[in-house]
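One structure is given here, and the rest of the page talks about it.
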Amino acid sequence: MKKFERFEGVVAPLDRANVDTDLIIPKQFLKSIKRTGFGVNLFDELRYLDEGQPGQDCSNRPLNPDFVLNQPRYQNAEILLTRRNFGCGSSREHAPWALEDFGFKVVIAPSFADIFYNNAFKNGLLLVRLEEDEIERLFQETEEREGYALDVDLENQRIITPRGEILEFDVDEFRKHCLLEGLDDIGITLQDDAVIRQFEQQHREQRPWLFR
Amino acid sequence: MSAKTLYDKLWDQHLVKQRDDGTALIYIDRHMLHEVTSPQAFEGLRLAKRKPWRLDANLATADHNVPTTLIERAEGNKGIKDPVSLIQVQTLDDNCLEYGITEFGINDPRQGIVHVIGPEQGATLPGMTVVCGDSHTATHGAFGALAHGIGTSEVEHVLATQCLLTQKMKNMQVRVEGELGLGVTAKDVVLAIIGKIGTAGGTGYAIEFAGSAIESLSMEGRMTVCNMAIEAGARVGMIAVDETTIDYIGNRPYAPTAEQWEAAVADWRNLVSDPDAEFDKIVTLDADEIEPQVSWGTSPEMVTGISGQVPDPEAALDETIKRSHVRALEYMGLQPNQKITDIQLDKVFIGSCTNSRIEDLREAAKVAKGKKVASNIQLAMVVPGSGLVKRQAEEEGLDKIFIEAGFEWREPGCSMCLAMNADKLGAGEHCASTSNRNFEGRQGYGGRTHLVSPAMAAAAAIAGHFVDVRSLPANDANHAQEA
């Protein structure tokens with residue numbers, strides 16, 4: 001995993017609540033056995049006017065001109081601004097893979113679904129929860145100013161707007177540490193390999209019927 | 001010692017290590033695998049030169065991509081016409097073979113939807129932690145187990161370490177008290193719960209379903225309720241152990257036997273919340289007030305009773321809700337204030353990890369018996385949850401009832417719940433579906449899903465539109481829930 005560094009990125013507003021993982025990446029694209037290449041099909045049903053197929057060349061597909069990511073001003077967006085309960089539904093990790101592959105590094109919303117929240121951090125995608133009124137303000141400012149960009153400073157858990165306003169956010173220590181250092185969970189857990197073995201042995205003695 | 005909830009007890013029994021940073025390692029007893037969320041996890045293991053920690057904790061099957069017609073299934077993997085799907089199923093076979101993981105392959109009579117076969121085999125037991133790369137893993141919580149849906153990185157983590165790195169959730173209890181009316185099923189209960197608390201109402205919580213109406217449910221019904229916990233935002237749903245639980249498990253292939261059975265049962269009886277345990281949140285529903293439910297929108301919280309109508313977005317509580325209602329009605333092709341019983345249907349799907357078990361098929365068959373599917377229904381299909389459910393249904397003659405009524409009787413798999421195989425809706429088609437998600441495009445590009453119980457789906461197939469299953473003549477629907 002790449003280390004998450006402070007950056008300034010263009011914001012794309014997706015003004016919609018309860019964006020589910022089927023919408024982020026429709027099921028026909030889950031048939032891949034790879035982790036990459038999902039970006040061209042991110043929000044496929046919103047982004048294109050036809051039905052997408054896996055492995056298809058998307059460069060000639062008809063684009064939906066109304067969809068935010070198709071508008072020239074948001075072409076290089078790295079921050080997605082959206083509404084509450086983003087990422088609800090299926091556990092498919094293809095959702096954060098698609099967001100990242102497209103080029104997003106951060107998603108900002110009032111709330112996220114639990115499984116998506118876990119999956120995102122495990123892939124280096126930072127999710128930032130802000131208050132509803134802060135989100136509302138960011139939507140307005142993004143709309144008003146072309147090229148609207150935010151400075152994302154994970155180390156200090158803050159986002160700085162072009163006007164210099166500072167929005168602080170919470171993130172748990174472990175997830176923050178893994179993102180900043182680009183660490184792999186499995187390697188960290190396996191440092192406790194003896195503790196796991198000891199627990200397992202005791203668990204087996206107490207409840208042998210669980211081991212069959 | 002302070003009083004504990006069922007979730008607290010399961011958590012404590014599996015806590016390997018609590019870390020200072022707030023995260024914890026919990027030990028995983030059962031890991032179910034399927035073809036869609038596992039290939040990248042095995043690839044990760046291989047690249048890091050790691051091996052699965054404990055082979056016998058794993059059980060795999062292919063369910064999401066498999067075709068469901070007999071002709072295709074007769075050819076095994078070769079019957080999978082879509083080359084991309086075939087690669088995925090073949091990759092699961094290869095990975096299980098390479099690492100020595102037990103897999104019920106496409107033509108194994110025990111093959112089926114992971115959340116049907118785990119309990120069916122006794123591979124899901126009370127007091128277990130169960131994970132699977134699938135959000136409907138909460139299903140297994142019906143057995144007094146702690147069951148989480150996980151992502152692919154977590155699948156790899158569990159394979160490599162036998163642990164899940166997680167944080168303790170908050171406790172929520174959803175109590176459904178009283179007696180359910182005739183024709184009102186577990187599916188209606190859980191849809192009513194989601195309608196009440198919303199799709200984010202359970203976010204951050206482990207939900208324990210309790211109360212006399214929940215206790216009165218069979219294991220099949222309890223699985224239906226826990227299955228949809230994620231549709232209320234909760235990763236975990238669970239129900240305390242009682243005689244119904246223990247009776248279901250006895251004599252199943254993976255269940256303990258002889259002395260171990262006695263010891264296990266004694267242990268399982270403690271898997272209930274202490275009477276004075278405290279929950280962070282309690283929600284109560286009155287069972288008498290729940291009527292058969294039908295979803296009208298593109299989120300499971302967009303649901304109402306069969307006697308209700310499609311809401312008017314103008315009456316929405318806030319601007320965000322209003323906008324989502326407007327969008328949902330446009331997508332669904334429905335009008336504000338339209339009566340639910342006036343919604344005309346094109347297809348009917350009875351199946352999925354929510355409603356494809358034997359009791360579900362019996363309920364639907366009772367309604368369909370001696371009737372014919374309406375002429376406006378282009379396709380009505382019944383997809384059993386496993387090869388063993390299919391076999392049992394055939395022994396009971398349910399297949400003949402469905403076929404004579406004009407339903408197609410298929411081979412087991414996830415099928416049209418998420419349309420990864422050939423079973424899907426066309427654009428604009430309305431479907432009465434016993435599955436769990438009515439998201440845009442879920443059952444096919446432009447498809448319009450209405451979530452209902454098996455009895456309501458069968459009744460809708462016969463009428464061609466939604467009808468109140470309670471209004472049907474005696475000897476069919478009114479006895480549906482007695483099965």
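Quick reminder: no glycine exception, Cβ is built from N, Cα and C everywhere.
Note: TrEMBL annotation is automatic and uncurated.
Feature annotation from TrEMBL assigns [4Fe-4S] cluster binding site to B:CYS353, B:CYS414, B:CYS417.
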>> Beyond the listed site residues B:CYS353, B:CYS414, B:CYS417, identify every same-chain residue whose Cβ lies within 8 Å of the center of their Cβ atoms for the [4Fe-4S] cluster site.
In response: B:ASP63, B:HIS64, B:ILE113, B:HIS115, B:HIS136, B:GLY351, B:SER352, B:THR354, B:SER356, B:GLY413, B:SER415, B:LEU418, B:SER435, B:ASN436
> Relative to the Cβ position of B:CYS353 ([4Fe-4S] cluster binding site), how many further Cβ atoms are located within 10 Å?
Replying inline: 26
>> Quick check on the binding-site residues B:CYS414, B:CYS417: which one has the highest count of other Cβ atoms within 10 Å of its Cβ?
In response: B:CYS414
> In terms of DSSP three-state secondary structure, what is the assignment for B:CYS417 ([4Fe-4S] cluster binding site)?
Replying inline: helix
> According to DSSP, which of helix, strand or coil covers B:CYS353 ([4Fe-4S] cluster binding site)?
Replying inline: coil
